[in-house]
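The structure appears right after this line, and notes come after that.
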Amino acid sequence: MKSFLLLFLLFVTFSSALPADQKMENEENMQLAQAYLNQFYSLEIEGSHLVQSKNGSLLDGKIREMQAFFGLTVTGTLDSNTLEIMKTPRCGVPDVGQYGYTLPGWRKYNLTYRIMNYTPDMARADVDEAIQKALEVWSKVTPLTFTKIFKGIADIMIAFRTRVHGRCPRYFDGPLGVLGHAFPPGLGLGGDTHFDEDENWTKDTAGFSLFLVAAHEFGHALGLSHSNDQTALMFPNYVSLDPSKYPLSQDDIDGIQSIYGGLPTTPSKPKGPKIPHACDPDLTFDAITNIRREVMFFKGRHLWRIYHDITDVEFELIASFWPSLPADLQAAYENPRDKILVFKDENFWMIGAYNVLPRYPRSIHILGFPRYVKKIDAAVCDQDTRKTYFFVGIWCWRYDEMTRTMDRGYPQRIVRHFPGIGLRVDAAFQHKGFFYFFRGSKQFEYDIKAKSITRIMRTNTWFQCKEPLNSSLDFHFNQEKAYSGEVETLHHQSLSLLIFGIVHLLNKICSY
């Protein structure tokens, strides 16, 4: 009886603490939202009480503005997706106000830059290389040139700073949060670019890539505003990409060339199309789909074709099957009606019985995508639930193949719905109950029911390629858990074990 009473009191103690904890969490979230919207969306609150009707309606309006910019469901409330965006590391330049449009650029093409100080996180040579490559990202698509100087005033003054710094009207907030900021072309602070020294700067993707953040900030220093295109380098939130890959989207290129124009055109000898090799260790795919008892892997103008029960691999031109389809497809999947849908940009084609159906291509927006979605990165249909997942940037949509409508509650962030696979997906398909997600030269075998990765492999393991010694990627993926939210699960498990231990100890005490 005593042990039961103690257990009851313990339960009441934990239960009574929850409302207070929830209230405190709500207050912290509201303070976070106010600071975020004030910094990036020009929110001006009168007084300190957000519950006032005037301030409340103003806050709701700014939340809606922010949700619309990031492509979230516009509710005006601080839902979990909105808070998650607000907590994501990002650029310190506002999303609205004077930065709402592309700004006038420099009135010259030959610009100078100077690195005022260096971060101790990286070797000086690595910092120099990251800055140089970040500037080259923009010079490769414009007539701009960049020359490094070692003294005097440069057009772009580069510095690593912390918190409140010098004459700069912007400040840093310590680790995470704001990573950097830059000022548009002009006199004084114009072109100046600052990075938060409290961050962990790296030359790869282990911490925050200086190359990627610098390339983004230099976009501002050249006159670009933020983009709501989630694939764009000028998207305000930090997205980890392979630094060896070219980071500009067409949206970035169009923006910078609208200010400075494109590269001068010079006649060049045309090069033949590159033919992909199945056993290339860095092989990536544009799209993958089941097609009855086959799987097709698309790359450029070509496709590989394998059968579920045959080890042979066929390599063909896409045009040899479907002359009307374009090259460089971006997504594909087989629906429950044995139709294949293939996607490129804002269009999709439907294939039945190996023939492209008439009246195609059609717009992806008839499937229920909002107008800001310009392309699909990957798609896969769960044949058990008849639900299709579409991957767009860092988000996934779910489509009901029976009602032919998008499911409510979507889009959701990929890292929350499919923990462990990372931020983006290049291609996907289903095989023997597992999803296979492809990102770069890796593929993730994913248990749908357990919501966990079972294996990580190279992309071309389907092609019977001989693995070089020590090349297996089938390992314990602790780093992938950083994306998965499994830390939260482990926390709850630990809390449960702690409570169980306390109760067990109290029972032993009462028995004496």
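In case you wondered, yes, glycine gets a Cβ from its N, Cα and C as well.
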Self-check item: Candidate annotated in Swiss-Prot as N-linked glycosylation site, out of Asn55, Asn110
Solution: Asn110
Quiz item: Which of Asp155, Asp173, Asp204, Asp229 shares the Ca(2+) 2 site with Gly188, Asp192 per Swiss-Prot?
Solution: Asp155
Quiz item: Which of Asp338, Asp345, Asp377 does Swiss-Prot put in the same Ca(2+) 4 site as Asp286, Asp426?
Solution: Asp377
Practice problem: Just choose from Cys91, Cys465, Cys510 the cysteine that Swiss-Prot connects to Cys279 via a disulfide. | Solution: Cys465
Quiz prompt | motif 'Cysteine switch' per Swiss-Prot - which of 89-96, 257-264, 457-464 | solution = 89-96
Quiz prompt | Outside the motif 'Cysteine switch' (89-96), six or more residues from its ends: residues with CB under 8 Å to it | solution = 39-42, 65-66, 69, 170, 172, 176-182, 208, 213, 216-217, 220, 225-226, 236-238
Self-check item: Residues that sit under 8 angstroms from His181 (Zn(2+) 1 binding site) by C-beta distance, when 6+ apart in the chain
Solution: Cys91, Gly92, Val93, Arg170, Thr193, His194, Glu217, His220
Self-check item: DSSP-assigned states of the repeat 'Hemopexin 3' (373-421) in counts, ordered helix, strand, coil
Solution: 4 helix, 21 strand, 24 coil
Self-check item: Cβ contacts of His165 (Zn(2+) 1 binding site) (under 8 Å, same chain, 6 or more positions away)
Solution: Ala159, Tyr171, Phe172, His194
Practice problem: Could you give me the DSSP helix, strand and coil counts for the motif 'Cysteine switch' (89-96)? | Solution: 0 helix, 2 strand, 6 coil
Practice problem: Let me know the most crowded of the binding-site residues, choosing from Asp155, Asp192, Asp377, Asp426 and counting other Cβ atoms within 10 Å. | Solution: Asp377
